[in-house]
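Student: There's a structure below that I have some questions on.
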Amino acid sequence: MKRASSGGSRLLAWVLWLQAWRVATPCPGACVCYNEPKVTTSCPQQGLQAVPTGIPASSQRIFLHGNRISYVPAASFQSCRNLTILWLHSNALAGIDAAAFTGLTLLEQLDLSDNAQLRVVDPTTFRGLGHLHTLHLDRCGLQELGPGLFRGLAALQYLYLQDNNLQALPDNTFRDLGNLTHLFLHGNRIPSVPEHAFRGLHSLDRLLLHQNHVARVHPHAFRDLGRLMTLYLFANNLSMLPAEVLVPLRSLQYLRLNDNPWVCDCRARPLWAWLQKFRGSSSEVPCNLPQRLAGRDLKRLAASDLEGCAVASGPFRPFQTNQLTDEELLGLPKCCQPDAADKASVLEPGRPASAGNALKGRVPPGDTPPGNGSGPRHINDSPFGTLPGSAEPPLTALRPGGSEPPGLPTTGPRRRPGCSRKNRTRSHCRLGQAGSGSSGTGDAEGSGALPALACSLAPLGLALVLWTVLGPC
């Protein structure tokens, strides 16, 4: 009985103390105030058009969400030195005084989301909030992030900026957020990611950039993101990623790149090579160009599929034109550097042109090979061409009726090492080099070269003999 009586006395004492506290600490009329688990002033969905006065100074949590508050004046919560949580989301905020949160040095959570008319926040609004670890600014109609907006928020871990109208991501915006682990930027209109956009985010674990207009990512934009585990870039305007972009992401486990107009040509090789080594979970990377690869997953292509440079001939067009070329519109380099395999098809000075070489048969003006031009030419007409070994038919093919001119061989011309200075004669050297595959001096070119030589070089007697055998030149 004594134990039951003792328990009842304690309960009665607790109720009396709570009533006394409520009397001693007045609560705004539209609010409910309670002390457990933390001292709380709760005024949600009461139709309030302004921040209520008379909020208990001992409040640790203040809930003002779901009202019609349009403005937060300076020092609205200055007396609440112990405040750790402040919810102002889902109101009609169109402005916040730069000194509205002055004195809230212990504030940990600030929710300003779902205030579509806010649009602009003064860069000094969050100064002094050194303990803030969660900040909601999503769905606030923000068009820009002012310089220094997040300065001094060293404890911030969660930053929600999704579903705004952000049109740029300035350098060094998040530089002071060394402890930030989650950054939500999806659902904006960000067109590119500059070099220092994420500078200083050494602790970032999750970065959501999907559903923007991102067409370019600077090669070093992710340089400080060595701890990043989740990266969403789907539903953007990306057609390629530079080779260096993903290299710093040593901890990456989840990657989504789908719903982008990827160009799967030689410029996609760096991304393709990185994806072959990636051991985490990744989405498909469907190709947009060229047409022959449209819809196929870049990850599943062979290296040989990524040759040449595609042209933007498909239905895709980027968001902004500004009279740029297709490559500039797509954010692509203008051409690809040939790799080792590609270089084999590039004609080099001093090398014979292959049958499939694009330069074959092209002669610059004034570079016509020397010769009398009387017979058909079998030599490559390019400046770097050489006489094919089969260009000259054997002399036996030129004999009429089995006649054999005196002094000439009955077999095809034999390759000679060259003429010595002692016996070198013009006719001797030319006859010895015909059909050898070397252009030499360039005089013996074409199937009619030997008759021409006989006419122009031989002594008169030899010329007459050749005339009767071979016919006129």
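The count begins at 1 with the first shown residue.
Backbone N, Cα and C define each Cβ position, glycine as well.
The compositional bias 'Basic residues' feature in Swiss-Prot is assigned to 413-429. For 434-445, the entry in Swiss-Prot reads compositional bias 'Gly residues'. The annotation disulfide bond is assigned in Swiss-Prot to Cys27-Cys33, Cys31-Cys43, Cys264-Cys287, Cys266-Cys335, Cys309-Cys336. Per Swiss-Prot, N-linked glycosylation site is recorded for Asn82, Asn372. The GPI-anchor amidated serine annotation in Swiss-Prot covers Ser447, and the record cites sequence analysis as its basis. As annotated by Swiss-Prot, region 'Disordered' applies to 346-446. Marked as repeat 'LRR 1' by Swiss-Prot: 56-79. The feature repeat 'LRR 5' is assigned by Swiss-Prot to 153-176. The repeat 'LRR 7' feature in Swiss-Prot is assigned to 202-224; the stated evidence is sequence analysis. As annotated by Swiss-Prot, signal peptide applies to 1-26, with the evidence given as sequence analysis.
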Student: Closest to Cys287 (disulfide bond): which of the disulfide-bonded residues Cys27, Cys33, Cys309, going by Cα position?
Tutor: Cys309
Student: Quick one: pull the CA-CA distance for Cys309 (disulfide bond) versus Cys31 (disulfide bond), whole Å only.
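Tutor: About 66 Å separate the Cα atoms of these two residues.
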Student: Residue list, the repeat 'LRR 5' (153-176) vs rest of chain: Cβ under 8 Å, 6 or more residues beyond ends.
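Tutor: Distal contacts: 113, 126, 129-145, 147, 182-201, 208.
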Student: Tell me, roughly as an integer, the mean pLDDT over the repeat 'LRR 7' (202-224).
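Tutor: Taking every residue in the repeat 'LRR 7' (202-224) and averaging pLDDT yields 98.
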Student: In Å, rounded, how far does the Cα of Cys33 (disulfide bond) sit from the Cα of Cys264 (disulfide bond)?
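Tutor: For Cys33 (disulfide bond) versus Cys264 (disulfide bond), the Cα atoms are 61 Å apart.
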Student: Of Cys27, Cys31, Cys264, Cys266, Cys287, the disulfide-bonded residues given in the record, which has the fewest other CB atoms within 10 A of its CB?
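Tutor: The disulfide-bonded residues Cys27, Cys31, Cys264, Cys266, Cys287 were compared, and Cys27 has the fewest Cβ atoms within 10 Å.
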Student: Taking every protein chain in this structure into account, which of the disulfide-bonded residues Cys33, Cys43 has the most other Cβ atoms within 10 Å of its Cβ?
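Tutor: Of Cys33, Cys43, the one with the most crowded Cβ is Cys43.
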Student: State the count of C-beta atoms found within 10 angstroms of the C-beta of Asn82 (N-linked glycosylation site), not counting that atom itself.
Tutor: 15
Student: Whole-number Å distance between the CA of Cys31 (disulfide bond) and the CA of Cys266 (disulfide bond)?
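Tutor: Distance between the two Cα atoms comes out at 64 Å.
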Student: What is the number of residues in the repeat 'LRR 7' (202-224) that are helix, strand and coil, as DSSP sees it?
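Tutor: Breakdown, helix to coil: 0 helix, 5 strand, 18 coil.
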